[in-house]
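Everything below concerns the one structure shown next.
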Ligand SMILES: [Zn+2]
């Protein structure tokens, strides 16, 4: 059975009204009040590990009869609220409404004019130790180990643990950031400072006020800041990279060749880049995750800097969010595929454009399909979270996070490209991104806009009539698998077959591995080869073959963590002692859980003492979430 949310009927009649509450993951009464501008005045206190200051929300009065403004908060200390500079009564709910936090209800003073178009709330606020949006790193967790570091991650619903707000992607506001810190600050706006130096007290370092402005309305989840010992270098006419001074030159080299080419490729597919500059902040090595598309400054994992320019596709992805997600945003996390499916689609179009061949995009899509299979296997084929539009009422959107919105969303858009033909589809892309520019959009508006765009094209309209929208939107499990070009993947499988034959029947095989085997390959092809060899039954690869592969293909000296971590994992599985020490060394340099988890799992099984020594040595380097994950691995394999 298909249950269709009531909002579809409304959306079909035209643009969604702001009086409609489309997002089930917020407690704010955003149908009555709508934030139009947010100013955050914060001091970063590294000693106390908190942000403290005042947040000013300018809210448009939509209902004209509501004296109550309900805002999202989570683990915040609120000490005073003013409405248009008059003291206002406020109440934090007595208990949390899980998983959405503690609603803050502000009662406007009797003197507040409800016929006025806007009200400004000023809220004195401090974060607490339970804040879920901030990561405070000790000097030991940074690469030069000299200064502390802080960065934020607000997606999906963590902005509410930084300041009271309407924490929904269905509300977009312009932003002013005023952030005082002893160390350089970046935020998701264009810099307008720094200014106003103040000397420190009691021998502490002085502070500067770092200011930024974001004139394009954006949802609260794109609020971002970072502060630490960072420096910048140019990577293109409108781009800089920011990272620790020691890593700056390597990071610049990694990105300077491709960044502008990617921006131009994306502009050809959609339209000109809107956010003025596109910059990349490379986070410290203990950063446990991949990346985040914060406007103006993409936050990226340091493993993107691999010394071979082979992981720049992460940049193509985050850059694509400048259109899909940041300029045109999903109206709620139930429609997350409109952010991530579109972004996968644009990322792969950029890769195809830059390489001049669809083979590369299909290779990426084949890897994506494997990720989709893994996610669906993990949830189960009938699970709500495997739907393109899951039901998230009462749910934490972070629990639903998986490859499904990325890859099922990609396959859906790829389906339209093939159905309509690329020439027609390519005319729709800029139309869609123009129609919803600076707005929030749901799947029903996407559908209505697509049907409307081709209404007068009899051939296209007829094809679109055959689309089974309900199945695409609400059926759990797999979408139809597209017919991908398998040329690049087949090369990986064929080479894996040769290694398998060599391992299983050394005498009969005439295979002589050499650098020529992978001469024309991308690093991702090597990743597919290595994963294929990891999954062989009975692990036939011997330590001698690992040494041969490492030297013949240069894997043992690669700086590419995507590649070398797979090589070490295969080596550990094959009991090749030559990789044990290099694995331990890598685990002291990389804190991204994607790599740390499989390497510890294997190292514990092969050489527990070395694994224990490695963990003790690097315990303080890892992020607390990563540290806890490794501790669990030791328990599991006790
Ligand atoms: Zn993304």
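The backbone N, Cα and C atoms fix where each Cβ goes, and this holds for glycine too.
Sequence annotations record features per position, and here TrEMBL assigns region 'Disordered' to 1-20. Under the heading peptide binding site, TrEMBL lists 153, 154, 155, 288, 289, 290, 291, 292, 293, 592, 593, 594. The annotation Zn(2+) binding site is assigned in TrEMBL to 317, 321, 340. As annotated by TrEMBL, active site, proton acceptor applies to 318. The active site, proton donor feature in TrEMBL is assigned to 406. TrEMBL lists 487-634 with the feature domain 'Peptidase M1 leukotriene A4 hydrolase/aminopeptidase C-terminal'.
Fewest Cβ neighbours within 10 Å among the recorded positions 289, 406: this applies to 289. When pLDDT is averaged over the domain 'Peptidase M1 leukotriene A4 hydrolase/aminopeptidase C-terminal' (487-634), the result is 93. Long-range neighbours of residue 153 (peptide binding site) (same chain, six or more residues apart, CB within less than 8 Å of its CB): 133, 135, 224, 289, 292, 299. Within the same chain, the residues at least 6 positions away from residue 340 (Zn(2+) binding site) whose Cβ sits under 8 Å from its Cβ are 325, 405, 406, 409, listed in sequence order.
Fewest Cβ neighbours within 10 Å among the binding-site residues 155, 291, 593: this applies to 593. The C-beta environment of residue 317 (Zn(2+) binding site), restricted to residues of the same chain at least 6 apart in sequence and closer than 8 Å, consists of 291, 293, 343, 344, 347. Annotation note: residue 321 (Zn(2+) binding site) sits in a coil segment as assigned by DSSP. For the pair residue 593 (peptide binding site) and residue 318 (active site, proton acceptor), the C-alpha distance works out to 19 angstrom. Listed in sequence order, the residues 293, 318, 320, 324, 325, 339, 342, 343, 344, 346, 347, 406 complete the 8 Å Cβ shell around the Zn(2+) site centroid, once 317, 321, 340 themselves are left out. Looking at the residue listed as 'active site, proton acceptor' and residue 155 (peptide binding site), their Cα atoms lie 14 Å from each other.
Rounded to the nearest whole angstrom, the C-alpha distance between residue 155 (peptide binding site) and residue 321 (Zn(2+) binding site) is 13. Packing around residue 321 (Zn(2+) binding site) is summarised by its Cβ count: 24 other Cβ atoms lie within 10 angstroms of its Cβ, all protein chains included.
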